[in-house]
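Feature annotations, reproduced from TrEMBL:
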TRANSMEM  A:21-40  transmembrane segment
TRANSMEM  A:52-77  transmembrane segment
TRANSMEM  A:97-117  transmembrane segment
TRANSMEM  A:129-148  transmembrane segment
TRANSMEM  A:168-188  transmembrane segment
TRANSMEM  A:217-239  transmembrane segment
TRANSMEM  A:245-266  transmembrane segment
TRANSMEM  A:273-292  transmembrane segment
TRANSMEM  A:298-317  transmembrane segment
Amino acid sequence: MTAETGAVAADGSARRWPPRVVTAGLAVILLALLLIPAVTTPRFLTLDNARAILASAAFVGITSVGATMVMIAGSGVSLATSQIATVVAMFFLGTQHLGLGAALLIALAAGVALNAFQGAVIGYWKADPIVLTIAGGFAIGGAATWFSGGTTVYPGARGFEVLNATPLGLPLAVYVLLAVTVVVEWTLRRTTAGRQMYLVGENRAAARAAGLPVGRVTVLAWAVSGACVALTGVFLASFTTSATVTLGGTLTLDAIAAVLVGGTAISGGHGSAVRTLGGAVLISVISDVLLLRGYSTGVQILVKGVLVLTVVLVVHVRSGRGRR
Amino acid sequence: MSQPERGGPLLRVEGLAHAFNGVPAVQQVSFTVGAGQIHGLCGHNGAGKSTVVKMLSGQLAPDRGRIVIGGETVELRGRQAAQRAGVALVDQELSVVPALTVLDNMLLGDLGVPFVNRRRAAAARCRRILDDLGLERIDPDQPLSALGIGERQLVEIAKALGQNARLVILDEPTATFSDAESRHVFAAIRRVAATGCSVVFVSHRLAEVLDLCDVVTVLRDGRDVATGPAAGLTVDELITRMLGETSHRPSAARGPAQDPAHALRIENLRVPGRLGGFTLTAPAGRVHALAGQLGSGASDVLRALAGLHPGATGTAELRGRPVPLRDPVRAARGGVAFVSGDRKSEGLFLGKPSAWNLVATRLPALGRAGVLRPGHERRAARALAERSGLPGERLDDPVGTLSGGNQQKVFVGRCLENADVLALLLDEPTRGVDVGGRAAIHRLLRQAADSGLVVIFASTELEELLELGDVIVTMRDGRMVGRHEGDVDGALLMRDMTGGAEHA
């Protein structure tokens, strides 16, 4: 049974290096990056710091775990993520008077609907995801400005404050991040739809010729991703207790960075939610170390860029060699 | 470069040989082409035509032998070197750019164009060359996209002439042409030859070859078996030379039970520009073969049925239920499984394990409520590997690391033992497959037919058609030419496929 599980779990991404070796290698690098600063930075190995790292990884992490599914299914990336998170946050705060449950449902439905629509255009009409989501981002951003009248949206009731709770000292968003990772990973590995996402991402023309439901699979990946963006939007809204059109901030690119650092191939067909979680935590660890050592925000962003570039090159070179 | 002696050969090919990974494609080919001569190069699939063309145009270096152009032995390292030596290749893959004008296309890739473009001089020259070809109707400033496919090919020939070619090689230029387009192209080729430029014409349309060429060289198994004037040759004689001992199938070798109730009925299937009105009833239990060369429409029949031609019209019915066209998902649901001739880009998921590939189209049946059951999946993959003769220990390897034969077994195996599959459509089922794998795949297809599936395949290989096809339908120019059952031989099929019928 273990052999069978292993075979199903193997995503076959590497030819020279079995996936297990790659995962182990990434884990070693992650550990090294955790240990070296731990030795040299006194305040790094405190419980408070660990909490800070997880907390700062949570918001972006939830979105990036969902974005992993889109990338695996071969749709590349969504560049409208920040705007969708903003709109969802506004809906969430603007409907607080209906009660927390209703507001949550409305927020989730908005995120799923907006993303699934884009997924449908990409999956059924073969639109280019980059072009479509740039256009979609402008449209949604415009709608957000219109909806809010360009001003700040304040909540009508304070029910959302439950979401800022910190059970066992960790923000609720961290637990949600872990839960989302487990659900997405399970969906990818163990469901028909998840397997079809890997196949469509690996070779869309082959999937089409085989009669696989390319459109439906694409829509599903985008819908799940939309739900994740909505969760991030809800937490952002609760955290800031108000929403402006700039609430989403750099979420779009931060989420893509975490997916890429996790080693998911931008061309599709390879990757996993757990690796994306690793990517998000890694980025947050590095930012934290740089912060503790007194480097400026600029340096933190610069290092993030270099990290993404390095991982993308390694993944690209590896899969490029494998294809030939 | 010296001018060729008057009347002497412009091109002399001596003892040319080339092997791919030790497998000889061309073993011993010699022929000469005089100045101003139109020289036909004929041969069945695998005879070595395209390898000879590649060596002449600098894309492959000969292992042995030499190429003499205008009295000088040349070594052609790359297409630019060939262009400098005066050799231009026009192949079926058009290398002209539709978005540019005719003039721009003619200047494109011309090594003689000065760095600063002198358009007025170039335009005048372009006009002259087009006029020489009898193409007064084409304007140099016209965008190429406004021209038909035949005229684009002519522009490509004009481009070759503009680059001072002394030898123009035309590789299957008419494969996708209508008759009218062919006539224009031929008229232009004759004018080219009249200027003293030599032409090598490669085609599988034998009637055209005899019509156009002065001299014909026939290749078989990598050797030139005959060279002679085209006048006085008939298509049948040409076919006999191409095939040597023709494979002949005794009549009624097989008469497997057919099951008309479980038939695939195709009626008036059309694909604009590729296939015109194709009708066929293929009962289950018999293997149907579509015999046709490139551009004949044989593979378009299969693609249209698989839902991969968005413009397809007509009706198809499988076991009495209509098969929707233009939608691959619904075609698959209707029971059609398609094995593409392009295994790499449209067939397998190369980076994924063989096991994943084998079960890719039956995931819903292996799971429960959308959740995969690894044990079931594993057993199904094992059973399919065994059924299709794939070594079980390769199940976890990415399918791209397998040999061509084993890849094809995975591809075919994917469609077997599947309750949803009622008709199996295969395009070139053994392309790039070794001899052993080929026999294994033929056995699989035979078993599939015996188990009650409709099996239709398209192929250009006579041996495969004769070996496997119970009913052989010959096609040319998007139309059915003949239908053969039982007694049939390779020469007959070849005549149908190459257009010999009108001349016989």
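The count begins at 1 with the first shown residue.
Glycine residues also receive a Cβ, built from the backbone N, Cα and C atoms like all the rest.
These numbers come from a predicted model, not from an experiment.
Note on the transmembrane segment (A:97-117): residues 78, 80, 84-85, 87-89, 91, 136, 140, 156-157, 159-160, 162, 219, 222-223, 225-231, 233-234 of its chain, located 6 or more positions outside it, place their CB under 8 angstroms from a CB of the stretch. Long-range contacts of the transmembrane segment (A:245-266) within the same chain: residues 13, 22, 26, 59-61, 63-64, 67-68, 71-72, 76-86, 89, 137, 141, 144-145, 148, 150, 232-233, 236-237, 272, 275-280, 282-283, 304, 307-308, 311-312, 314-316, 319, each at least 6 residues beyond the stretch ends and with a Cβ under 8 Å from a Cβ of the stretch. Residues 47, 51, 54-55, 57-59, 61-62, 65-66, 68-69, 72, 194, 197-198, 224, 228, 231, 235, 272-274, 276-277, 280 of the same chain lie 6 or more positions beyond the ends of the transmembrane segment (A:168-188) yet place their CB under 8 Å from a CB of it. When Cβ-Cβ distances under 8 Å to the transmembrane segment (A:52-77) are tallied for each of A:129-148, A:217-239, A:273-292, A:298-317, the top count falls to A:217-239.
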